[in-house]
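Peer 1: Summarising the annotation, TrEMBL assigns domain 'ABC transmembrane type-1' to 24-310. Feature annotation from TrEMBL assigns transmembrane segment to 31-48, 60-81, 154-178, 249-272, 284-308. The feature domain 'ABC transporter' is assigned by TrEMBL to 344-591.
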Amino acid sequence: MRRRPAALRAVLGLAVRTAPAALLGCLLSAAAVAVVPVAAAWLMRTVLDALTAPATPGAGLLLPVAGLVATGVGAAVLPHVEQLVRGELARRIAVEAQDRLYAAVNSWVGLARFEDPARLDRLRLAQSCGQEAPPQIVLGAVGLLRTALTTAGFVATLAAIGPVLALLVLLASVPVLATEFRLSRAWVGTALRITPYERREMFYGQLLGDVQAAKELRLFGLGSHFRARMRADRAVVDAANRRTEQRAALLQGAPALVSAAVSAAGLVWAVRAAARGELTVGDVSVFVAAVAAVQGGIGTAAALAALAQQKLALFGQYLDVLAEPVDLPALAPVRPAPPLRQGLELRDVWFRYSDRHDWVLRGVSLTLPAGRSLALVGDNGAGKSTLVKLLLRYYDPTRGTVLWDGTDIRHFEPEELRERISAVFQDFMRYDLTAAENIALGDVRAADPDRVRRAAAEAGADGLLASLPQGGDTMLGRAFLQDPDHPEEGVELSGGQWQRVALARAMMRRSPDLLILDEPTAGLDPAAEYEVQELLRRHRHGRTSLMISHRLGTAREADLIAVLREGTVTEHGTHEELIAADGTYAGLFHRQAEGYTAGSTR
Ligand SMILES: Nc1ncnc2c1ncn2[C@@H]1O[C@H](COP(=O)(O)OP(=O)(O)OP(=O)(O)O)[C@@H](O)[C@H]1O
């Protein structure tokens, strides 16, 4: 975790860079708000003393009364001005802080960080405090400044009337300050402890409101089960907060009693001094106001400072996320990723997701010559999708290398490498956007309606687009209305229709050097599968492609087939070669073929 001064510098730097005018306005209005009560107390003293002056009662009242009226107007107007400027400052800082956080998360090259629970806890804290903490800290600092100014004014007032009491009031505030700082540390500890529970609570909350989850939740009657789990996590969070609140009440009680005793003693002293004629009525009034203001001011300042300290400690988590080094840095010398001319090679690739996991790939060696298609087949969990993730550099091999035209892909910038590849994943995304946008996302920078139409045609999704009520402009999914002014509902697609849209998205990338298709036709009906296969065959022609498929009728269309079993390539060759070899592939192929024939003759 970062040190608080560094965090404070970072927050103030953020404010100065993103909203200098609002910050200045905030400081000026805070200073003005701070001065008003001190001025009002002194003016009141002057007025009271003038009224009770034995020689000329009521003389010379004009100026102090005018001043009092002015401070009244100031007290009424200035806090609203300050509120406006504070709001603007808070919004600007929050937007910038949030944007920086997501820019940092977006710069994570691989997927491993998204699968690390401790890191996700920190990210959750960074998300919640990244938006709230910076404005709270800056506004807290401004508020602290304002309170310090007002308090200093009243301390000076007190010192002028009763220096000993001024000292006593200040001494009595030391325990208040110490307690608040102690408590702020306790609150930070609590926040860190409860984050994993809050994250899980959020997860259950999302499940309970998610249409995708709704089917199973209703079928298996899981709603109350997840609600109970959510309540259990909330109970842990509440218990931790309750313990800290109880501790706060206990710790804050004693200093509050000391402050009350000091102010009572001060009042008795002032009244007796006035009775003896040592203080005027005005003195007593300003003295009473000053004791209350100093005690209140010190209490507010302590609370603000403690809150700022607490937010700074949590903001450290945000800064830690921003300061994380690149997760999968390119190897020196970094080279431009060239068009694929010779081919891809996996050379003795070993991979496991972490030291705690088993090996998923165990010495995979495989070549895919440029311009050829390779089908990867194998049992569930054999490591096929994992191999694809290594090609896209979502992870680096634990041992061994992935070579692109003979160069280790770690020498390329990952974005450059990925720009040369297009893919349809097994678990492709369904974006709650229009159909055309869903496709255009495959190449947002170069998307135009013609290109989108061509990609849709290449994926056999043009008919689907034409059949939608507003064509490509139809909102997909039912989470959002088409447009608040034209409240047509979105259209939900079938699984196979979504798959065609995902395929069209992959087709947006013009002439990729490598096309990866992970179960591209799994959700399609037989006629659609045949049609899409035809389209893909044409699209693949002369291109380098890698396809994963459990349907061996589809796999046989590839130039080469590799069988992956328990993390190793056990067979590799053309369909004819593998059938002749009469190994696993041949066995599986004949069994699937028999299944189709048996089905058709039944
Ligand atoms: N992100 C992950 N973290 C840890 N283990 C993982 C992760 N993803 C996959 N695995 C494990 O790696 C192994 C291989 O999974 P992979 O998804 O590569 O298999 P597959 O051959 O594509 O399977 P299928 O045919 O079912 O899609 C499995 O044992 C799986 O549990």
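Even glycines carry a Cβ here, placed using N, Cα and C.
Thinking about packing and proximity, how do these listed features fit into the structure?
Peer 2: Long-range contacts of the transmembrane segment (31-48) within the same chain: residues 61, 64-65, 67-68, 71-72, 74-75, 78-79, 82, 145-147, 149-150, 153-154, 157, 280-283, 285-286, 289-290, 293, each at least 6 residues beyond the stretch ends and with a Cβ under 8 Å from a Cβ of the stretch.
If you look at the transmembrane segment (284-308), the same-chain residues 6 or more away from its ends with a CB under 8 A from one of its CBs are 37, 41-42, 44-45, 48, 136-137, 140-141, 143-144, 147-148, 150-151, 154-155, 157-158, 161-162, 165-166, 169-170, 172-173, 176-177, 179-181, 183-184, 259, 262-263, 266-267, 270-271, 274.
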Peer 1: Suppose you look only at the domain 'ABC transporter' (344-591); what would the mean pLDDT be?
Peer 2: 89
